[in-house]
Amino acid sequence: MMKNTQVVVVSEEPVTQIASLETQELEKLSTWQMVMRHKVAVFWSGFFALAAVNWGMDIQISGGAISIASFERDFGYNYKGAYIISSKWQTGFNSASYIGQLFGAIATGYLADRFGKRLMMGFGCILSIIGVFLQVFARSSVVLLVGKLINGLALGAFLTIPSSYAAEICPATIRGLTTSGVQLLISIGQLTGNLVLKGTGTFASANAYRIPFALQFIFPTIILLGLPFAPESPWYLLRHSHMDNTTSTLARLGYPSPLDTTEEMTTIISTESKNSSETTYLDCFRGSNLRRTEISMGIFAVAQLTGVVFSVGYSSYFFELAGMSDSNAFTLSVGVTILGLLGVICSWFLINRCGRRSTSFVGTAMLTFLLLLIGILDILPNYSSKGPAYGQVACVIIFSFIYLSTIGPMGWALFAEIPSSSLRSRTVGLGIVVQSVFGIVMNIAIPLLINPDSANLRGKIGFIFAGTSTLGTLWVWLRVPETNGRKFDELDWLFEQGIPARKFKGYNVPL
């Protein structure tokens, strides 16, 4: 919402000259040189992305805690001499964070525009600390569930803010690196959660699950301590008439000509304000913004349609089918996670050299092939010989690396770059909503499809996800444009003119 914004009106000719000179200067710099020039922006992008570690830990710890003996004793019931968690509570525990995340993302998308990303990140950290506190000291399933829901609200903010914040403080050349870096922090969180569960899971006391839960206090506390020193998004400052603060913030972030950059931003905001002085979620589905919202939401849908929850989230399931011991299966699971981290690092080289569109398309196509192969291996007549099961294990390992070097991190970059500046927080929030909905659906559907007492499809579920992944691959080709190196005003023009996705790359924008 813009309140009495004082707009600096500049003629198109000077702005064009400034943009041209800046582009020529940037073309001479390597990616590393740009990172060093804007090291403050890179640092604070990474600092905000620390929040994503908590999301990675929450996924791993929530799922792993349910199988800990002391957790089953404290929150389960005695069934034929053994403690188990009832199916309804198990579903509730697994889905609570996603449900909270859904509402947290919607609220953050609105409130971040009104109060700023820095304040909303701080509020999210406080919510997270409250939610984690309830989980650590819960004595009943109801209190534990409430704690997970509250923490889920915070996780919605933790996923909505970092990528959009990085997109708004970093220049186009390194924007892809900082926005996709969220995926790296998520993977680090998953690895950390895995290792901590391994270390405490055999404890006889409640500390077996309380220590992993308490680990989630760390990063919200660190972020709260650092937020007073963090710069606010210059786009937020300018929209709220803080002209001087905008210029000084841009200078602090490493922009060589902060006044010129402020004028360019003002021109974009002025153009947007002619269409609407106030923005709502409905604006995300009007005019050219409808297409931008579709892409921001769709890219996360595609990531889920590749079956990543099945292939990576249930990797230990295939290790057990291959006859591995629990210890070896865990060691290999950790190895798969580490390989995924290397995949994210590889994506940083692909994101600028090959581009977002090509990397996403090739990645989803390769994942489709691997899913099909997992399904084929499951119907081989000699499956009981363990050979095909080992083949499925190999496919899962390769899947993890390819996913986390292609469509996984590309989604975080695209959904933050694609929206218009006035609707970025809201559109990013909608992208997280899609991820949350798929998380809920997958956590309910996949166990029903693979469990021996249900459909018992085993690896044949690969055929299902190969079909959905094929649709996702086709959608990427038809709908996802190349945003590499494009400034926000260029993207605005390309979407306003309705340029087809396949023509974005190299299209001459008359600005």
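Keep in mind that glycine also has a Cβ here, set from the backbone N, Cα and C atoms.
Lifted from TrEMBL, the feature list:
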- 40-57: transmembrane segment (TRANSMEM)
- 44-484: domain 'Major facilitator superfamily (MFS) profile' (DOMAIN)
- 95-112: transmembrane segment (TRANSMEM)
- 119-138: transmembrane segment (TRANSMEM)
- 144-165: transmembrane segment (TRANSMEM)
- 177-197: transmembrane segment (TRANSMEM)
- 209-230: transmembrane segment (TRANSMEM)
- 295-317: transmembrane segment (TRANSMEM)
- 329-351: transmembrane segment (TRANSMEM)
- 358-377: transmembrane segment (TRANSMEM)
- 389-415: transmembrane segment (TRANSMEM)
- 427-449: transmembrane segment (TRANSMEM)
- 461-478: transmembrane segment (TRANSMEM)
Recorded stretch, among 95-112, 119-138, 427-449, maximising Cβ pairs under 8 Å relative to the transmembrane segment (461-478): 427-449
Segment-segment contact (the transmembrane segment (295-317); the transmembrane segment (427-449)) at 3 or more Cβ pairs under 8 Å: yes
Model confidence over the domain 'Major facilitator superfamily (MFS) profile' (44-484) (mean pLDDT, whole number): 91
